Each structure stands twice: as structure tokens, then as C-alpha cells.
């Protein structure tokens, strides 16, 4: 049920002219509720007025939009409106321009000055882009251009003021503390946006609008460009670095890791699709692997590591043994792991802290099954997220897997997509998993008996679209939903959408 504050805020933002006249008399405690109502209601004129008169030092999207205190929490799950995000950015720029031009007599006189715009933690797009929402890449480009524009205009204004003073023979005034707004943001860059982001980061340190990166993601970017951007990031603000599809190889990773050592708060390092294969190393490459492991060990705050799609057969002990602290999240999808790798994990210090584990794409049906079950038993008391997509797990393995999986009492997410499990197998899995009180999302595979030709089951997700008996598949889905109703677990989502968990921030688990 919505609160009275929420209902009143929604009514107020519908009357822009009246609200604008009343803003000077409005208690500052109402601003968060008004902002949320205006943002979710797409009241852009109201949003701009609220931002330009914001009475607090911090304006945080995540805290304002995800608070359940003032508005319907169901609305907060919607993806942010592109127009509303642009409006807030424009409002901050206008606010800053007025403050720089008018100084202490400007519109913020008597109010606490806005110092931080926090745009981190916003809902991200799924697989399909919605033209009415704003992707992380688009937000990055928009903010970069805004930073450059504000910096240029400020420099021009400073030069004009200086010229006027010289022409009037007025001595320079004592330097005052610079007025600026810090923008805490997650950045996503590729070769298309590299130039504008680099320019923005270069001017950011002395611009009135200063970018502070929390999570940095780069795709399909050259080694030199990636290293250059890492050098421009604030060492104290970076929490996550995600480099993917960059074809870096061991040599490239060893060039970049020294640039990361300065990030004292770096908790997450994601290096999927880095073209690393340790199965046949030359002596020089062996030295490179040892250097890579040694430099990983220098990242003292690291608690999340993704080495997906690198062939790491038999080398987990070497790579993870030197880390300064146990990992809480480990993603090893399609890493060609051996039994000795999983046995090492079961005995390592990481075993006591792992909350997220992704072993997708490793064949758990044969030699890896026993060490996998042993590892799962060891981490069952604190595991929150398990992804075993495309691991060749079939009905024959469920009798061994289910008893251990049911011990994972804190499990929130389970990924079983693209495993050759039958409809009967899925029913058995559901009957067991409804006992787990924290489990709210299961991504299950298309049952093998729903294929037009079950003998030609494919483990490749891209080939699954056209080979089903769609009527049978629909019936199975409906039956699973009915089972959830009978078990009184309507809070649990069972889906075949493998992208549904894309927006999950594992650092917030």
C-alpha cells in the first residue's frame, strides 16, 4: 500500500505551475518523494526544477528510486526513462552554470550546495534495447559530452572575466575554492566512444563537472586505448574493471595489470573472452602466466574474479593461490577445467567465502561430477548464486545433485539452462527446490522431450529456437507454474530466459 507522502507527491508533480511557485516554501524533507514521483511519472519540467533547487549535498539515483518508503516499489523496477535521465543531467548543468555565474547570491543562496550526483546502480537494459530508456553506453557518452561542454564554457567565461579586469586595470581577486559537482558513474566504452570519453576524463580533474568512475567496462578496445583510459581514472573511486572481447591474451593482460595496482578499492575484476589458453605454453608464455598470477595477487581488495572463456585446465591453484583474500565470487564459464581444479577449490581458502559460482560450459557429467558435488557440499552453507548452464547435466545426475543442492539454504539464483534434462526431471527438481526459502529465480532448460527430435539435443543456446514441439513446451511451462502455486511459492520465478539475471550486481549479493 502506498504511503500518504507518496500519494501527495504524485498529485503535486501533476501540477507543475503550482509546485514551481511553492518550491521556495517546500520543506526539504519532501524533495526525495517529489523527485521519485516526478521521475517515475516522467514529469520532466518538475524534475528540472527540483534538480535546480536541490537542497542536499547528494543526489543519488539508486537511493531515491529504489527506496520503498515513498512510492509504489513495483514502479522502481522499471528501467529509467531516457528523457528523465537527460533532464536530470541538464538540470545539474543549469544548476552549475547559475552557481558559477551568480555566485553566493544565486538561486542556491541559503540552501546546502549540491556536491555529488550519483548515477551508479541504475537498472540496466536486458538483451533488447528499448528506445525510451537509456543504456549504460549512452549515459557514458551523454555525461562525457556534458563534462567537455561545461569545461569549455567555463574556460571561456574565465578568460572573458580576466580580459575585462585587465581592460579596467582591476587587480585579480583572491582565488576562491573551486565550485564543482562530482558525478559518480559507471562507464561503458568501446572504440566508438573512446575519443569523447578520453577527452572528458582529461578535462575532468579541473572541470566544474567532474566524472568519478565506480565501475569501468571496456569492450573491443585496443590495448593502448584501454591502458590510457585506466591511467585517467581516479585511483580511489574504481570498484570494478570489466574488460571483454578485447583479445588481450596473456601478454596484453600483463601490460594492463600494473595500471590496476593503483586502484586500492578494486573489488571486482572481469576478464572474460581474453584469449588465454594455458594448455600448451611455451617457456616464455609460462613466465607470462606466472607474472599474471603474481600481479593478481597484488590486488589487495579483490573479492570477485571472472576468467570466463579462458582455457585454464589444471592451473587454478597457480592463479588463485596467491590472492591476498578469499574470493566471494568466481566465474569460470567455459574454462576447460579438470578435476584437480575443482578439488583445489574445495580445499582452498576461497571455499569458506564463495557466494557466487559460475561453472557454465564445463562438462560436469563425467570426471568433474564427483569433485563438483564435493565442492558444492563445502560451500552449501553460504552459496547465493550458482550457474551451471550447458554443463551436460542430465536426469541421471539429478539423484546425486539434488540432496546436496537442497542443503544450499541461502541460494537465491540457480542457472540450469541448456542441460539435457527431461520434463520429468524438471518436475523432480522443482519439487525439491521449493524447500529453499531464499531461492527466487531458476533459469531452466528446454526439456529434451520437447524437441522435435530428442536424439539431436544441442547444447548450443543459439540453435535451440526452431527445433521444439512448442505446444508441449507450453504445457510443461504451465504445469511447472501450477506446481509452484500448489507449493505456495509464487515468489519463485521459473523461466527459460537466460538473460533475466543480466542486471544482477553480484557485489550487492
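From the backbone N, Cα and C atoms, a Cβ is placed for every residue, glycine too.
Quick look at what Swiss-Prot lists:
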- 111-146: repeat 'LRR 1' (REPEAT)
- 210-234: repeat 'LRR 2' (REPEAT)
- 235-262: repeat 'LRR 3' (REPEAT)
- 263-298: repeat 'LRR 4' (REPEAT)
- 299-323: repeat 'LRR 5' (REPEAT)
- 324-355: repeat 'LRR 6' (REPEAT)
- 356-374: repeat 'LRR 7' (REPEAT)
- 380-407: repeat 'LRR 8' (REPEAT)
- 408-432: repeat 'LRR 9' (REPEAT)
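Same-chain residues lying 6 or more positions outside the repeat 'LRR 9' (408-432) and placing a CB less than 8 Å from one of its CB atoms are 358, 360, 376, 380-395, 398, 402, 438-445, 447-450, 457, 459-461, 464, 476, 479-480, 483-484, 487, 494, 496, 498, 501, 504, 509.
Confidence across the repeat 'LRR 4' (263-298), taken as the mean pLDDT and rounded to a whole number, stands at 96. When the repeat 'LRR 4' (263-298) is classified with DSSP, helix, strand and coil residues number 14 helix, 4 strand, 18 coil. By number of Cβ pairs under 8 Å, the repeat 'LRR 4' (263-298) is matched best by 324-355 from the list 210-234, 324-355, 380-407.
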